[in-house]
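Q: Let me give you the structure first, and then I'll get to my questions.
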Amino acid sequence: MKNFKLGVSVAALVMAANAAFAETEITWWHAMGGALGETVNEIAEKFNASQDDYTITPVFKGTYEETLTAGIAAFRAGEQPNVMQVFDAGAATVIGAKGATVPVQDLLSDNGIDFNIEDYIAGVRYFYADSDGKMIGMPFNSSTPIMYYNMDALAAAGVEPPKTWEEFQSTTAPALKEAGYIPLSQSHLPWIFTENFHSRHNLPFATNNNGYDGTDTQILVNNDAIKAHFTAVSEWKENGMFEWYGTGWGDNQTPFEEGKVAIWLGSSGSFGGLSKKDLPFEFSATLLPYWESVTTEPTQTFIGGASLFAMAGKSAEENKATAEFFRFLTSPEIQYFWHAETGYVPITNAAYELAKSDGHYDRAPAAEVGIQQLSLPGGDNTKGYRMGFYVQIRDVMNREYGRILTGETSVEDAFATIEKEANELLARFAKTQG
Amino acid sequence: MKSAGFTTRWLPILLLVPQLSIIAIFFYWPAIYAMQSSFYLQDPFGFGSTFVGLENYSSLLSSSEYMKVTRFTVVFTALVTFFSLALALLLAVKADNVLRGAKTYRTLLMWVYAVAPPVAGFIGVMMFNQSWGPLTELARSIGWDFKLGVNFNDTASAMILVSVWKQVPVNFIFFLSGLQSIPKSVREAALIDNRSSFGRFWDVTFPLLAPTGFFLLIINITYSLFDTFGVIDTMVKGEPGNNPMTLVYKVYVDGFRGNDLGGSSAQSVILMVLVLALTIFQFRLVERRIHYT
């Protein structure tokens, strides 16, 4: 009996102690599968080990689209996570829904954490910001399209990686073809050949300051520069200088890994994965080519990938935990760790400096290409774009580009269709905000 | 004669309640909600919304792309239904003739039934892999440069093939048991009247199989319209691109991928009306010509 009483009091004491030192628990929904997901888990573990007050639990929710949809459904049911990863194309949806998220800049300053947008590298800074330049989402896995090349293939053909598309067309591609390679493939036509095509050449992509200043936006995709580009691309395909393996990302990357394709346009975030695969050739990377006929002063590209949003409707205590997690995440050490493991760019200048001083780029020069390209001179049209229903607009682009490349439609008709359907979608999105 | 019945009025109602509430919660409520949201354009998070009347419907009906998807759905449904039924009937008639080892054949032919649609789609993706798929190589050997996910018609053929493959076993089971329930005396009488087995099939067996066939027709149309979702989703690898898709898949693409709740609701209401019309048509017109024994 005495023992029983003792047991009860010990149990009560333990429970009281637990309550007093209870950690604030927060959740993080993300779309990082495979090796990336493991790195995400490692970051969470590092955060949990770094202090005793907060615990973060990462949960993998599937693709980017699935994560966003799951987050929306959860929000409507009042069960939203504290942190949600939203990809570039979904940014307008989540930023448009004022009240769904707490702007990251407010979250940090309300919790006494210093925030200076100038600390972030130029290409990353304003992509997830509002029209006044206030940062709404915390850039997380930020990448930019770059050009990977098979060094053995280029050596065999006796060419250098092309700086311009003119050079590719006249010199590089014919030599690579002669050497028995398919000269070029790419993995994301809307991202690489459309969005970043406009940024690289500093062309306006949409009205309203690329869509940042309002919702009555019109897309400006039906322009001569991009139509000339796609005309060239489909000619390359005819001549065996370019191959398209469908809309899927991996289907276009695989032939490069197999050594069939000599030059592949992919994400700077693909670097980590490519280095870990034991490829049968040496590869490197460099800046995305540009058309000299369009501009002689090529500009920076903007980021793709995704950012982290702090969801609204959480207690001050949990928001504090989220803010502390963001502070931890943006620290130079963690950014450098993420950058080195995955190939995604470090988002702050301090992390970039740390990677440089640590000699990361001496060991792997190609790892620096993404950040170099994001740090090129900017222009009026290079900070990003903000368009609603953009997932569907991308689907329209993919559909029409596929039709161009399989000869089902002409470049002229395809861009007219994209312009018409995108503007209809933008008008519909404007009404959802009313 | 006194008919059996309940002594109280409440007991039957009580017994019906679980079933009715399931129908109400999982069918009527979402259906009404879909109808309501088809008249709005709303922010997916639920903050803003605008009443747009019939705009969601009119923009669908004026969209050439929606019409293309509709046409593809009709062709897809017709081909999948036809080939699933025809192949299953052929196999069932042949299996019915075999006496020895019949059970083994039956089991082997039914096996595929256990494969889930997404798994079937995934097997299709592997078989038609662009660089090493065995069926891609087979197509190449006859001079067909098959490209899954690139060429519209190639992708459509692969989807139809996988969907048919997946559905044949179900039809086979039903046809076989239908065949085996035809009385021996009828068959023997037919044997005396007509020596041609082909003629006997069309004059005697086929009409007697009609009830089974009609039931399967409905099941197969429903399957092609709705259950092939998993096959299509895996075969387009989550990227619609320029690939073919059915109306049901488009509801998902616009609603769950694109977060356009209003437009996607309007599409599902159109589908509901379509299914209702199809059902009425089938039962009113076709069933009159079928004679149940």
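Count begins at 1; order follows the chain as displayed.
Cβ atoms here come from the backbone N, Cα and C positions, even for glycine.
Bear in mind that TrEMBL entries carry predicted annotations, made automatically and left uncurated.
Sharing the feature lines straight out of TrEMBL:
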| type | residues | note |
| --- | --- | --- |
| DOMAIN | B:70-282 | domain 'ABC transmembrane type-1' |
| TRANSMEM | B:12-31 | transmembrane segment |
| TRANSMEM | B:72-93 | transmembrane segment |
| TRANSMEM | B:105-128 | transmembrane segment |
| TRANSMEM | B:156-179 | transmembrane segment |
| TRANSMEM | B:200-226 | transmembrane segment |
| TRANSMEM | B:266-286 | transmembrane segment |
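I would like each feature placed in context: is it buried or exposed, what are its neighbours, and how far apart are things?
A: For the transmembrane segment (B:12-31), same-chain residues at least 6 beyond its ends with a Cβ under 8 Å from one of its own Cβ atoms are 6, 272.
Counting same-chain residues at least six beyond the ends of the transmembrane segment (B:156-179), those with a Cβ under 8 angstroms from any Cβ of the stretch are 72, 76, 79-80, 83-85, 87-89, 91-93, 95-96, 106, 109-113, 115, 117, 120-121, 123-124, 128, 135, 148, 205, 208-209, 211-213, 215-216, 219-220, 223-224, 228, 231-232, 235, 244.
Within its own chain, the transmembrane segment (B:200-226) is flanked in space by residues 73, 76-77, 80-81, 84-85, 88-89, 93, 163, 167, 170-171, 174-175, 177-179, 182, 186-187, 190-191, 194, 246-248, 275, 278-279, 282, 286-287, 290-293, which lie at least six positions past its ends and keep a Cβ under 8 Å from the stretch.
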